[in-house]
Amino acid sequence: MVTALGLAVLSFLDLPSDGPLPPPLLSPPISSCLVAGSQTEMAAFAAQTDLVTGWCLFGLALLVIVAFCWVYVRKYQSRRESEVISTITSIFALAIALITSALLPVDIFLVSYVKNQNGTFKDWANANVTRQIEDTVLYAYYTLYSIILFCVFLWIPFVYFYYEEKDDDDGNTCAQVQTACKYTLGFLLVCAALLIIGAFVPLTIPNKNNSTEWERVKLLFEEFGSSHGLSALSFSISSLTLIGMMAAITYTAYGMSALPLNLIKGTRNASYERLENTEDIEEVEHSIQRIKAKCKDGRPLPSRDRRTLQQLEDKLRTLRRRGRHLEYIEKSCWTRFCGAMRPLKIVWGVFFILVALLFTVSLFLSNLDKALHSAGIDSGFIILGTNLTNPLNMLLPVLQTVFPLDYILITIIIMYFIFTSMAGIRNMGIWFFWIRLYKIRRGRTRPQALLFLCMILLLIVLHTSYMIYSLAPQYVMYGSQKYLVLNNVSIDGQLANMTSWVPKDCDANAPGDQCTVTRTYLFLHKFWFFSVAYYFGNWAFIALFLIGLVVSCCKGKKSVIEGEVDEDDSDISDDEPYLSFG
């Protein structure tokens, strides 16, 4: 019966009964299309899963950043003059800057993920998908940079001048708001001027005859588009980044040497300092008694002696405050714990100085490469390939292949710049030319100083993206992307040569449809004259770091209450001692 049924089926299909077994009911072309389609769908699903994973890690980093900013601001704000609005403003502004920097490795990961390590595009990575990924990152930058402009030119100035007016005229809220709006209007005019200039400034790069490099530079930036709104935003952010560069040269370069050397050298002994302070108190009291003895018979003191007496009494008050702080520090358990952890501090100091030297060497090699092999000053020293390798430029592309190792390293670099900048600000204070405006002290920083601090850190973090590009230009431009090139291979015994496709790291020589440039790089280099300023700023950064290293080496140990009690306090200080965690 089975045989009869088989013959009936064969006759229905019009096949010979003695022939081979028929193929499946689906013809080979249809079945292969379904298999290929299912494989494509599976690949697309896997791609979407990995992309969502990348963005989820970015979301996790966002939560960590917000928590870090809250702890950081609360650590430094004054316990007596804490204001809710200034605290929220400081946390938000610093968090937005750090989130913008955290978008850098996501940008690099996404452009790298569309290609395989052999230089071919992944099955799902067609032109539309790649453009959609690029647009997603671009819109994220639009949003974050717009919020940064809002913070720098509207929110922070308004809150700062509101509290400045509050100090001068307590209780009159309307006057405070009017004064804050008046000064904030000036910042808004500056912002409007930057946006207008950025929208209409000519972007044409000066031409250079008989140079194919110039054509590649122009094609590179044509990919970014020519929208006036995009140009205005890029110009404004580049202007802020330029200010951040000057802040980094002032504070970060010095902090990179001061922080590790202070950890290595440690602080002076609290008991010895207290003994010295007691001797100074006795000496000042004896001087005061000697001056007062001149007027025991009722004669008035000369003006010179009155000025001297006033200075000695001010000095005595400062010394007694120092004595109270030193006594508290000497008896605290935290001081004993820090003494026990002294070897660990030395290890961290040595590690930080090695990291600082690594950054400096990498920055020097990158700048030297631009000086020798870039397209010239008229192009903003844009380099079209890496000729002098540096350690970080080699390490980051390797780590980028195992997500999120490069994300972790970028986070460490950004946090390192934050802490070294903070060390520089704490050691130097906030200055306006030769006038010191504020000191930054743990638990003693006024609301205005806190806003100034977060504004400076925001600008420094903006400049950090360019610093990372300077340290690893190949990584920031293309990540781990590769493209295929034809390679001729000669075979012994044969007259003809064989050609094969060999993967090569992406650079400016790659075809335009084979490598995708990160949005970060194009944002940073849209205006060539800013790139020129960044280039010379890197040389100034290296010089200031070396000068700061020499100064830090020559300076002695810091006081155990360094910066806590000074005669020339420019802000209100609390009398209660505050334990140092540094």
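The backbone N, Cα and C atoms fix where each Cβ goes, and this holds for glycine too.
Caution: TrEMBL annotation is automatic and unverified by curators.
Per TrEMBL, transmembrane segment is recorded for 52-73, 85-106, 139-163, 183-205, 230-254, 346-365, 407-437, 449-469, 527-551.
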**Q.** Long-range neighbours of the transmembrane segment (85-106), counting only residues six or more past its ends (CB under 8 A)
**A.** 54-55, 58, 61-62, 65-66, 68-70, 72-74, 77, 137, 140-141, 144-145, 147-148, 151-152, 155-156, 159, 162-163, 400, 404, 406-407, 410-411, 414, 418, 447-448, 450-451, 453-455, 457-458, 461-462, 464-465, 468, 476, 520
**Q.** For the transmembrane segment (230-254), sequence-distant contacts whose Cβ falls under 8 Å of one of its Cβ atoms, 6 or more beyond its ends
**A.** 142, 145-146, 148-149, 152, 191, 194-199, 201, 203, 224, 417, 420-421, 424-425, 427-428, 456, 458-467, 523-524, 526-527, 530, 533-534, 537, 540-542, 544-545, 548, 551-552
Q.
Should anything in the same chain at least six residues away from the transmembrane segment (52-73) have a Cβ under 8 Å from its Cβ atoms, list it; otherwise answer none.
A. 87, 90-91, 94-95, 98-99, 102-103, 106, 109-110, 113, 403-404, 407, 411, 450, 454
